[in-house]
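Feature annotations, reproduced from TrEMBL:
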type     : residues                                       : note
BINDING  : PRO128, THR130, ARG135, SER295, THR296, GLU344 : L-glutamate binding site
DISULFID : CYS356-CYS409                                  : disulfide bond
DOMAIN   : 53-407                                         : domain 'Ionotropic glutamate receptor C-terminal'
DOMAIN   : 63-119                                         : domain 'Ionotropic glutamate receptor L-glutamate and glycine-binding'
SIGNAL   : 1-24                                           : signal peptide
SITE     : ILE274                                         : site 'Crucial to convey clamshell closure to channel opening'
SITE     : LYS301                                         : site 'Interaction with the cone snail toxin Con-ikot-ikot'
SITE     : LYS390                                         : site 'Interaction with the cone snail toxin Con-ikot-ikot'
TRANSMEM : 177-199                                        : transmembrane segment
TRANSMEM : 211-230                                        : transmembrane segment
TRANSMEM : 237-259                                        : transmembrane segment
TRANSMEM : 424-445                                        : transmembrane segment
Amino acid sequence: MDKGLHFTFHVITTMLLLRGSSQAGEKNDPKMWAASKSGFGTDSRGPGEGLPTLTVTTILEDPYVMVRSAELEGYCIDLLKALAAMLHFSYKVKVVGDGQYGAVSSTGNWTGMIGEILRQEADIAVAPLTVTSAREEVVSFTTPFLQTGIGILLRKDTVSQEMSFFHFLAPFSKETWTGLLFAYVLTCFCLFLVARLSPCEWNEPKNEENHFTFLNSLWFGAGALALQGVTPRPKALSVRVIAAVWWLFTIALLAAYIANFTALLSSGSEQLPIQTFEDLVKQRKLEFGTLEGSSTFYYFKNSKNPIHQMIYEYMDKRRDQVLVKTYQEAVQRVLESNYAFIGESISQDLAAARHCDLIRAPEVIGARGFGIATTQASLWTKKLSVAVLKLRESGDLDYLRNKWWETSCLHKSRERWSPLQPQALGGLFLTLAIGLALGVIAAVVELSNKSRHAAGHVKKSCCSVFTEEMCTRLRIKENTRQSQETSGRANA
């Protein structure tokens, strides 16, 4: 019995010693420490768990990858964590040595993250790396995890200009002002016509005076536009229908004008003379450039668009003056000098939100996406693409976007303003048209009723009395009618 207990005690002691040495060996393994404890590693699972380890290259760019408290964090780091949890791999992250995204150098070799993948210094690149045809020829890309384009980042005070003399017309487009003028003239004419046809406005045209002349009708319509009651006041139901619809139209129109004018003054987007890349080329006040060796630079180089070719020639001739090394340098240069930065619109939106003095021009060209780069023979490309699609379908990519694009300056950002088009007021113009039609119909009904009663007294047909009444009220000359009647009798 004693021998059995002694043997059991030795076995247990030996197992504990072996387990302790194994754990100590794992802690002293430099690769494991690099993957879990260093400033370049963010995943706690090491090769001790039997998981494959990937070397990930990236680039420091806010908010994709940032160094805080000796650790890497940002959109791409969170994306990498989600992919690692989904595909069951560990990783160690390294920042690209030359600080470049990846382009062909003068020697024919690839620089940046693309070069590190080709030299097998890294397995994948998780960064704001644009998918291009040139890069696709040497590496493989996954499904894009972010969509973007090429925009222009400007400083507000370098591009602001004085408001035009007729700036008060800006809330409505030219088509809307034309439609408003046509509606005003048509309504006033309908007021004039209906007031003449309706017996309630003047019962005896030969003995009474109609106050709704055409000039008075114009004045009545203008008074409604100014929200002021003017004379003459309508008496007939038909005239009141048209007046009420016109008042409703003007109230809604003025509300839309005031709201859009307020938005115009607060947004300041009409103060941007540089709205497009063509405007940027034509001006001479600002220098403009992009990241050296970036996909944006080569986009303009390979484009057949004449405007894009002019932009490339400008940047190529002034490489040392206008091309920047990093995105942070570009933002700082825009803030401190007369410089416009051409780059990824999604990054420019973030810069404009965090720096309230910056603004992105409205035009965006060259739709593209950010993808994860791998070696062409890698088995991880398809796995990562499927994982990215799953993250997009589950809403995780939208969550990450909202998380890292939330900034202290968002409360000052405003939606881009545009003049109000006629389509936005289509229902209002339709309501006015229906009201005018109802007013005219009501006036004809009123005149028909009076003609029917009068026809019974003078023993004439209702149609003849109606025609006489209409001619009298519209001031059709009596001698013309009499000459037509005389000629008719002579022919008989």
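Counting begins at 1 with the first residue displayed.
Cβ atoms are placed via backbone N, Cα and C, with glycine included.
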Legend entry - Cα distance (Å, whole number) from LYS390 (site 'Interaction with the cone snail toxin Con-ikot-ikot') to LYS301 (site 'Interaction with the cone snail toxin Con-ikot-ikot'): 35
Legend entry - Highest-contact recorded stretch vs the transmembrane segment (424-445), from 177-199, 211-230, 237-259, CB pairs under 8 Å: 237-259
Legend entry - Rounded to the nearest Å - Cα separation of ARG135 (L-glutamate binding site) and CYS356 (disulfide bond): 35
Inset, instruction - Would you give the longest CA-CA distance, in whole angstrom, between residues of PRO128, THR130, ARG135, SER295, THR296, GLU344, the set recorded as binding L-glutamate? - result: 17
Inset, instruction - Residue list, the transmembrane segment (177-199) vs rest of chain: Cβ under 8 Å, 6 or more residues beyond ends. - result: 169, 210, 212-214, 217-218, 220-222, 225, 234, 236-239, 242-243, 246, 249, 253, 422, 425, 429, 432, 436, 439-440, 442-444, 446-447, 450, 470, 473-474
Inset, instruction - Write down the Cα-Cα distance for GLU344 (L-glutamate binding site) and ILE274 (site 'Crucial to convey clamshell closure to channel opening'), rounded and given in Å. - result: 17
Legend entry - Residue numbers, six or more beyond the limits of the transmembrane segment (237-259), whose CB comes under 8 Å of its CB atoms: 171-172, 180, 183, 187, 190-191, 194-195, 197-198, 200-201, 212, 220-221, 224-225, 227, 420, 424-425, 428, 431-432, 434-436, 438-443, 445-446
Inset, instruction - Taking the Cβ of LYS301 (site 'Interaction with the cone snail toxin Con-ikot-ikot') as the centre, count every other Cβ atom within 10 Å, in any protein chain shown. - result: 14
Inset, instruction - Report, in whole Å, the straight Cα-to-Cα distance of CYS356 (disulfide bond) from SER295 (L-glutamate binding site). - result: 27
Legend entry - Rounded Cα separation (Å) that holds between LYS390 (site 'Interaction with the cone snail toxin Con-ikot-ikot') and PRO128 (L-glutamate binding site): 19
Inset, instruction - Using the centroid of the Cβ atoms of PRO128, THR130, ARG135, SER295, THR296, GLU344 as reference, list every other same-chain residue with Cβ within 8 Å of it (recorded L-glutamate site), in sequence order. - result: TYR101, LEU129, VAL131, THR132, SER294, ARG368, PHE370
Inset, instruction - Would you mind splitting the domain 'Ionotropic glutamate receptor L-glutamate and glycine-binding' (63-119) into helix, strand and coil residue counts from DSSP? - result: 20 helix, 15 strand, 22 coil
Inset, instruction - Take the domain 'Ionotropic glutamate receptor L-glutamate and glycine-binding' (63-119) and average the pLDDT across it for me. - result: 91
Inset, instruction - Tell me the Cβ neighbour count for SER295 (L-glutamate binding site), meaning other Cβ atoms within 10 Å of its Cβ, over all protein chains shown. - result: 23
Inset, instruction - From the binding-site residues PRO128, THR130, THR296, GLU344, pick the residue whose C-alpha lies nearest to the C-alpha of CYS356 (disulfide bond). - result: GLU344
